[in-house]
Amino acid sequence: MNAMLVLFIASALFISEHNTEEVKTTPIPNHQCVNATCERKLDALGNAVITKCPQGCLCVVRGASNIVPANGTCFQLATTKPPMAPGDNKDNKEEESN
């Protein structure tokens, strides 16, 4: 009985080891928002404005919204496309070529 249990566990470990695949990850590219810092400060009219974040990036300031000036970090905005219906792909290509 013990030998059967050991054999079962050994075969399960063997199968598990050979069937697991190494997960391939895509490296995160260095984009314009990496290592970019932004700043929340007052403009000439006394309004809080965000500056120094490249276009396409979002400034995230850690702290209450009433704290001015404050520093933050720029993050790249995700771009997504809405799902297309099966026939939409052909129509979009025709519109782009016109």
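Residue positions begin at 1 at the first shown residue.
Just so it is clear, glycine is given a Cβ too, placed from its N, Cα and C backbone atoms.
Of the cysteines CYS57, CYS59, only one is given by Swiss-Prot as the disulfide partner of CYS38: CYS59. Here the CA atom of CYS38 (disulfide bond) lies 5 Å from the CA atom of CYS53 (disulfide bond). A C-beta separation below 8 Å, combined with a sequence spacing of at least six in one chain, links CYS74 (disulfide bond) to CYS33, ALA36, THR37, CYS38, CYS53, PRO54, CYS57, LEU58, CYS59, VAL60. Counting every protein chain shown, 20 other Cβ atoms lie within 10 Å of the Cβ of CYS59 (disulfide bond).
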